[in-house]
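Trainee: Right, I'll just put the structure down here and ask away after.
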Amino acid sequence: MFLLTALVLPVLCGAGLASDGHFYRRTDPVTGQQLLCDRCPPGTRMRAHCTSSRQTECVACGAGLFTEFWNYIPYCLRCEACSDHQQVVRPCNGTVNTVCECEAGFFWDQHFCRTHSECKPGHGVQAPGTPHRDTVCEPCAEGHYANIMQTHATCVTHSACKADEQLVLPGSRWHDNVCATCDHLTQKDWVDLFKSVLSGLHVQYGTSTERLQKLVNRRLRKKRFGKHAALHPTQQLQHWSKETSQEEPLNLPSILEESHLNLLADRIARKIRRSQQHCSKTPPQAL
Ligand SMILES: *[C@@H]1O[C@H](CO)[C@@H](O)[C@H](O)[C@H]1NC(C)=O
């Protein structure tokens with residue numbers, strides 16, 4: 001196949017350049033006479049060279065074969081099959097080869113269809129990928145974030161807290177502002193508030209969300225805080241962030257996961273403390 005292609009291509013290319021594009025020169029092997037033979041039209045190939053007494057004989061290419069140019073090749077070319085993650089844009093029809101294109105979610109990179117890149121945390125999609133180009137990402141500007149739970153998110157503005165809400169955790173480039181009402185802070189399961197942040201940690205550090213949730217719940221609720229169980233969750237959180245420094249031996253992944261959580265827990269604890277001070281100044285809510 002390679003050999004055939006190598007032999008055939010110069011002939012095909014020559015066809016376009018020659019001034020006598022529909023003819024070729026040949027010495028008759030019997031008479032030694034110089035002949036000007038007809039080339040075969042696209043969609044056909046040569047079966048027999050011309051002689052001094054008859055024209056070139058051409059035959060149509062069979063199914064799955066093609067010739068694109070006026071030629072005198074003995075075999076038609078094989079239609080290309082689309083490769084992995086490609087789809088047929090135009091089928092082979094005897095005169096044109098198959099035209100393939102990467103399917104949705106892929107782009108052509110040298111010799112393969114590669115998956116469109118996802119933007120790194122803190123980066124949003126500036127231009128979505130096409131079959132011919134990878135995704136173009138941009139770092140989110142100040143006050144904007146790209147939701148890293150969504151693989152092809154653009155940078156959007158941090159949402160503003162509502163009038164009755166406090167900013168508990170300011171947004172970063174990879175998560176939105178976390179806002180809560182005083183009710184929310186004193187009554188509801190606050191882990192719920194940070195769900196998107198925890199999920200973000202999952203994407204960013206490859207820790208499973210369920211594991212993070214379990215870790216937080218376990219640390220805060222049962223194991224370590226048995227004696228503090230009566231405390232408010234935010235106080236539990238403060239205890240937790242103080243006590244996690246003196247840990248039992250842990251394996252590396254959980255050390256990592258905890259250090260990220262601890263940083264976050266400290267921030268959250270500080271914010272919640274501040275918010276609670278603010279809440280305590282407002283009329284008490286029914287518990
Ligand atoms: C094959 O397709 C091309 C482009 O669509 C067209 O120009 C040509 O006439 C077709 N050839 C045959 C044999 O149908």
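The backbone N, Cα and C atoms fix where each Cβ goes, glycine too.
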Trainee: Which of these, Cys61, Cys82, Cys92, shares a disulfide with Cys76 in TrEMBL?
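Mentor: Among Cys61, Cys82, Cys92, the cysteine that TrEMBL links to Cys76 by a disulfide bond is Cys61.
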Trainee: In TrEMBL, Cys137 is paired in a disulfide bond with which of Cys119, Cys140?
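Mentor: TrEMBL lists the disulfide between Cys137 and Cys119.
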Trainee: Check for me: which candidate out of Cys79, Cys92, Cys100 does TrEMBL give as the disulfide partner of Cys82?
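Mentor: According to the record, the bonded cysteine is Cys100.
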Trainee: Of the residues Cys79, Cys113, which one does TrEMBL pair with Cys92 through a disulfide?
Mentor: Cys79
Trainee: Between the disulfide-bonded residues Cys79, Cys137, where is the Cβ count within 10 Å the lowest?
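Mentor: Checked Cys79, Cys137; of these disulfide-bonded residues, fewest Cβ neighbours within 10 Å: Cys79.
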Trainee: Looking at the disulfide-bonded residues Cys61, Cys119, Cys137, whose Cα is closest in space to that of Cys100 (disulfide bond)?
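Mentor: Minimum Cα distance from Cys100 (disulfide bond) across Cys61, Cys119, Cys137 lands on Cys61.
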Trainee: Tally every other Cβ atom lying within 10 Å of the Cβ atom of Cys92 (disulfide bond).
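Mentor: Its Cβ has 20 other Cβ atoms within 10 Å.
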Trainee: Rounded to an integer, what is the Cα-Cα distance in Å between Cys61 (disulfide bond) and Cys79 (disulfide bond)?
Mentor: 11
Trainee: Cβ-Cβ under 8 Å from Cys82 (disulfide bond), same chain, 6 or more residues apart: which ones?
Mentor: Val88, Thr98, Cys100
